[in-house]
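Look at TrEMBL and you will find Asn100, Tyr103, Glu104, Cys157, Thr192, Asn240, Arg245, Ser256, Thr257, Lys258 tagged as Mo-molybdopterin binding site. If you look up TrEMBL, you'll see 119-274 marked as domain 'Oxidoreductase molybdopterin-binding'.
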Amino acid sequence: MLIKCWKGWELPERAVTDESLFRNRRALLKGIAAGPMMLSAAALAGCGEEATAEGDPASMLASLPPDPSAHLYPVKRNPAYADAGKNYPLTDEDLATSYNNFYEFGSHKNIVRAAQDLKIRPWTVVLDGEVTKEKTIDIDDLLEQMPLEERVYRHRCVETWSMVVPWSGFPLSALVKLAEPLSSAKYVRMETFKDPEMAPGQKQHWYPWPYVEGLTIEEAMNDLAFIATGIYGKPMPRQNGAPLRLAVPWKYGFKSTKSIVRFTFTSERPVSFWEELQSSEYGFWANVNPEVPHPRWSQASEKPLGGGTKIPTLLYNGYAEQVADLYKGLEGERLFM
Ligand SMILES: Nc1nc2c(c(=O)[nH]1)N[C@H]1C(S)=C(S)[C@@H](COP(=O)(O)O)O[C@H]1N2
Ligand SMILES: [Mo]
C-alpha cells in the first residue's frame, strides 16, 4: 500500500486536535491498521524525515534504558496547584508526550523519534554569573536535594494550542537560593544544551543556538515558576525536555526552555532565542494576554490538544492572581509580546 508521508508542517492543526484522529493514533500505536484515517495518523506516528525502520513508536520507547531517576516518581501532588485539572480536563498523556515543540530535533511537532537521541546522562547543571560561587551540579544530586512535588499547570503555546499537564519538579526559587545570586543580578538566563551531532536541528545555522530564555529574578522567585523534571508521574521524556525544563504557565510556551544545562545570573536582560530571531513577534516578557494579538494572528482563544472546540484564552493564562503584581510599574514595557 502506498501511503503519502506528510511532513509535520503539512499537517493541518485540526488533524492534531481532532479526537477521532487521536483515537486512531492510539490504535496505530497498538499496531491496529487504522483504515480511512491512516494518512494523517501515519504522519503523527513518525512518517517522513524523522521516520526510521526501527518499528512502531511504542516499542521504540519501551526499548529505551530506564531513566536513572525513575525511582523518585511519582511525587506528591501539591493541592495548591491542582485547580487547573479540576477546571479543565487533563490532556491525554499520549498526546502531551507526542505532539511536541523542540526545534533542536525538528521544526515541526513530530519529533518524538528524533528526540530519543538526546543523551540525558551524564548531565550537569551550571549555576554561574553574578553568584557568590559558581557551582556545577550533577542532575541526580540536584534531584536528591530538591523538594519534588507535582503541580497541574495549564500551558499555552503562542501558536494557540494549549494543554493541561501534571508536571513533577521543584520551584525555581529553590534553585535560585542554591545559586546564591549577588544583589547585582537582576535576571536569570537559561540555556539549553548545544550538540548538533545529537540534535540535528542545531545544524540549521540560521537559528541562534543554543536556545536561550530568561526571567527577572522576581519572576524566577515567584512560586509559580517551576523546574519540571517529570510529567504524568514519571521522569521527563526526552521529547518534553528531559532531564529538566522550565514551566512558567502564565507566559507563552516558548519561554519554558527545555533540557537546561546552565543558569546564569546577570545584571543584563538576556536576549532569548525567539527574540533574537524575530523581536517584533516574540519579546522578553511574553505574558499571555487574549487582547494583545500576535502580529499575524489573534490570541483571543486557544485549542486544547485533543479537544475539538476552541476556548477563550485568559489574561496571564488564568494565573493573574499569582503574577499580576510582578508587573506593577512596568506598564511601559511590551509585557504581552
Ligand atoms: N530548548 C527548547 N525549548 C523549548 C522549545 C524548543 O524548541 N527548544 N519550544 C518551546 C515551545 S514553543 C513550547 S510550546 C514548549 C513545548 O513543550 P512540549 O513539547 O513539552 O509541549 O517548549 C518550549 N521550550
Ligand atoms: Mo510554543
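Here the Cβ of each residue, glycine as well, is placed from N, Cα and C on the backbone.
All protein chains considered, the CB of Thr257 (Mo-molybdopterin binding site) has 24 other CB atoms within 10 Å. Secondary structure at Arg245 (Mo-molybdopterin binding site), taken from DSSP and collapsed to helix, strand or coil, is strand. Ranking the binding-site residues Asn100, Thr192 by C-beta neighbours within 10 Å puts Thr192 at the top. Taking the binding-site residues Glu104, Arg245 in turn, the residue surrounded by the fewest other Cβ atoms inside 10 Å of its Cβ turns out to be Arg245. Under the three-state DSSP scheme, Thr257 (Mo-molybdopterin binding site) falls in the coil class.
When secondary structure is read from DSSP and collapsed to three states, Asn100 (Mo-molybdopterin binding site) falls in the coil class.
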